[in-house]
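Worksheet for the structure shown next.
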Amino acid sequence: MLPRLLLLICAPLCEPAELFLIASPSHPTEGSPVTLTCKMPFLQSSDAQFQFCFFRDTRALGPGWSSSPKLQIAAMWKEDTGSYWCEAQTMASKVLRSRRSQINVHRVPVADVSLETQPPGGQVMEGDRLVLICSVAMGTGDITFLWYKGAVGLNLQSKTQRSLTAEYEIPSVRESDAEQYYCVAENGYGPSPSGLVSITVRIPVSRPILMLRAPRAQAAVEDVLELHCEALRGSPPILYWFYHEDITLGSRSAPSGGGASFNLSLTEEHSGNYSCEANNGLGAQRSEAVTLNFTVPTGARSNHLTSGVIEGLLSTLGPATVALLFCYGLKRKIGRRSARDPLRSLPSPLPQEFTYLNSPTPGQLQPIYENVNVVSGDEVYSLAYYNQPEQESVAAETLGTHMEDKVSLDIYSRLRKANITDVDYEDAM
């Protein structure tokens, strides 16, 4: 009877103690550490020697069996979500198992996506290396990064990694790489894009080409020569310098790229070699020399000298010289008129038009008029005269004498005011 009583008393004390698994924190986020503890409430560790092992689902974690009742997990990830439990083994190979505990790992969505460039500022020389760095301020787990070119969105590359930043590299930048870029990051909660970043590719100027343009095939003194310099490649703005031999003629700017022109009025000293230089701050390039040769005719020099002397004399003598020259010309004109027509005598020979006295109406003789040049102002005078036959009767002579007395004093008669169609008499003669 006594052995049975002792068995009933000792039975509860001899049963294996219950195990509990404790996770700290119990609801971890991705990337955070977690500590697992295998615990027996009524059993002190000094009372017995145990070996512990931790499991997730059916897989053992850590180093396997260990004397430590704790397991430290450095970082938990979304895929670490599952059912966890632990086991304890006594020296007598008795194994105790805890209940299962569900641990859910929470993922943080990506946020605040940004795109940066290296070199900074988005300006890069042609042929240099360009790096596009996509970053997120927050987000956990595996993040997929994608890079796009242009507002339309040409996909360049994608990377998936457990990191807050990722890089896309262009080893050697070309002119066609000048565009707008952006990146997208996502970790299972939808894509989150960055802002647009403009990339400017700076291109050094190529060797410029110089062209000389003259108004004629053979350039001459006083012609305006156009010097046109153009670099076919190069980022604007471009500054052009123009040279005659090694003498600087001037400069012109092309703010939007392309070429520029410089005009030069040619003199005798402008024969020789011309060149130009292009510079956009990334290095200067000089054109090949262009030779311009032209000759100055001797006659042109003497004519140029004579006209210069005359112009100098006129400018020195001034209005007095002009007045004297005018008076001299007027005097010559008056003398020429006097020699040709002294005292405005009748024209000789007389016009061969006749009116005979034996006509049926002898009293209706018509005078013959000819215009005389202007005497003064705008008045025009005419010359009137008669012709008489050499052989006439006595009666006719008497009549002719009477008629001559009547008109002899009336040789000049004023006819009318001058108009624009009157012709100078002496000019008509």
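Quick reminder: no glycine exception, Cβ is built from N, Cα and C everywhere.
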Disulfide-bonded cysteine for C183 as listed in Swiss-Prot, from C134, C276: C134
The annotated motif 'ITIM motif 3' range in Swiss-Prot, which must be one of 151-156, 289-294, 379-384: 379-384
Residues flagged as motif 'ITIM motif 4' in Swiss-Prot, choosing from 122-127, 278-283, 404-409, 410-415: 410-415
Annotated motif 'ITIM motif 1' segment (source Swiss-Prot; candidates 222-227, 318-323, 354-359): 354-359
Cβ-Cβ distance under 8 Å to C86 (disulfide bond), same chain, at least six residues away: L19, L21, L36, C38, F52, C53, F54, F55, P69, R97, S98
Neighbour count (Cβ, 10 Å) for C38 (disulfide bond): 24
Summary of DSSP states over the domain 'Ig-like C2-type 2' (109-200), given as helix, strand and coil counts: 6 helix, 53 strand, 33 coil
Which same-chain residues, if any, lie at least 6 apart from C276 (disulfide bond) yet have Cβ under 8 Å of it: P208, L210, L227, C229, Y240, W241, F242, Y243, R286, S287
